[in-house]
């Protein structure tokens, strides 16, 4: 290492230190939103670069400034690792004055960052992770869970399948918090409706070849093979189930968490007929079509429910800051709790004291290739699951904050 | 577990094992003959799959012929040639400059190439994978093997890969061409004295190793979705296979690849949480007992 390199390094360090010092103070001169997400890993198609674009759109649509201060955006890749995510969040909050963190796909990441941000009195709006724990035993005053959770997902899908004769269930489960949580709540719905769980197998996150697990599921004699996983895992499992002719021999597949990007990756030929629950589909209302078209123009792909959720959450946050007249977390959180959220994503949404934002969910069916009229004409909305049925009632929540 | 279930898991393990074998074979050839640890191998495997996908789904529309597809069989020939050609360019213009330095430089260079290739494709293609629709009609459907229903295509992939692997082994270990190759590594000066162009031979060998990766990529395309990260997911395991088999051992790479596929398949059935780690566990044990690998010669 030569001398000039060292000098440059010191200079850069001094500059960064100076900048951090200058920005510190009671009012930091800007409102800063941080998108913490998976930019290139297994969940990047669900909430990756697309969610950053969604947040940019929200800031743009809001006018680029709030309370006379510019709105800034930061984004980072958490690499699906809770420790990486925590250190980014810590740096954002302590040094970069990030006021709100959105995104956080992957429940392990979501829980870690929500805990850390709460200790530092910073609002998190989780749009990507599914674990119900975010608003249950590990709920926090500053943590908001916005798009979907493992309680809401099975309600529509499992009910529809059990009612159509799928009584015996076998689970292929992603082996971490989210998968277990999803399996538990799906099994609850199945049992309540008179079905039974005949077996389950835990597959590591990022499994390439599911055929071994599918074979076990297939020989279990189950009517329904439920995939309690997400992203690439779901895509691979469905593709391989198709390849081994499992669906052709009479067993049904239930994707407990499927995103639009997964259907796109599978192709209609393979995915046709698959039913699942989603918080958003672009081709549902005039407003959702209009926004999604703008998103498509920028990103080249239609938004997933998470992309739409990032937009909606960011916009709601900015409105709350404006209404509160400050970016101070307690005041903004109070405002978020009082206001009604209305946009193309949610109608009359409100954020409960435990951080949950209950809203309508939709049971959808993947179209047959012959029904599809365009590259993104993939789903048909079968029914709407009202918010009060989809999500756990606040009085049933195990969140310790509610007792206070 | 019943006998049928064991047989079924064996078949599944084998269908994974052939990919390990093909990839670790390419790595072993490159390492054995060139002493280069090719970290770009996974990315070149991914590139092989993408050539097939682009040829089938995108090339026609780009050229203004929306109905034209490059079929699977064509891709099986074209993709290894193209990617192998790229490999030769990499060897000729980049790697060659590093032969006089420590191994680590070659490793860093190829790792950088892998990151660039993955980043490029991640920029333009769906990261969660794009389905390859070009699986030939004659290979679709399933066959009843008695103990299980098995996709015809996977059966084809297993047989085809085994033939390719053993043909490669035969050429390198049992023919005069292979003898020249091995001698060229042992003592390049002497082989050059016989009038053989050693640098060109090295370039061709690297190209061949890379072409094997591309061939595996084309074979994998109909089974797994074609995704920018498909190679990155696999390459670490494949390196473990090479280490277990013995760095640079051709036969070792093939046999270990197949064997570890089987072990992984059976682990998935018996104790799924260990499926991703079992290979590394075996690697640790082998390194403790036989540091040169199962088939490696102790120097």
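Cβ coordinates are placed from backbone N, Cα and C, and glycine is handled just like the others.
As annotated by TrEMBL, transmembrane segment applies to B:17-37 (among others).
The transmembrane segment annotation in TrEMBL covers B:44-64 (among others).
Among the features that TrEMBL reports, transmembrane segment is placed at B:70-91 (among others). Distant neighbours of the transmembrane segment (B:70-91): 34, 40, 44, 47-48, 51-52, 55-56, 59, 113, 134-136, 202-204, 206-215, 217-219, 221-222; these residues of the same chain sit at least 6 beyond its ends, with a Cβ under 8 Å from one of its Cβ atoms.
Under the heading transmembrane segment, TrEMBL lists B:103-125 (among others). Cβ atoms under 8 Å from those of the transmembrane segment (B:103-125) belong to residues 35-44, 46-47, 50, 90, 94-95, 226-229, 231-232, 235 of the same chain, restricted to positions at least 6 beyond its ends.
The transmembrane segment feature in TrEMBL is assigned to B:153-172 (among others).
With a threshold of 8 Å between CB atoms, the same-chain residues lying at least 6 positions outside the transmembrane segment (B:202-224) that come near it are 15, 19, 22-23, 25-27, 29-30, 33-34, 36, 38, 41-42, 44-53, 72, 75-76, 79-88, 90-92, 95, 129, 132, 134-135, 153-154, 157, 160-161, 164, 168, 181, 184, 230-231. Among the features that TrEMBL reports, transmembrane segment is placed at B:202-224 (among others).
Feature annotation from TrEMBL assigns transmembrane segment to B:236-263 (among others).
Beyond its flanks by at least six residues, the transmembrane segment (B:270-289) meets 1, 237, 240-241, 243-244, 260, 263-264 of its own chain at Cβ-Cβ distances under 8 Å. The transmembrane segment annotation in TrEMBL covers B:270-289 (among others).
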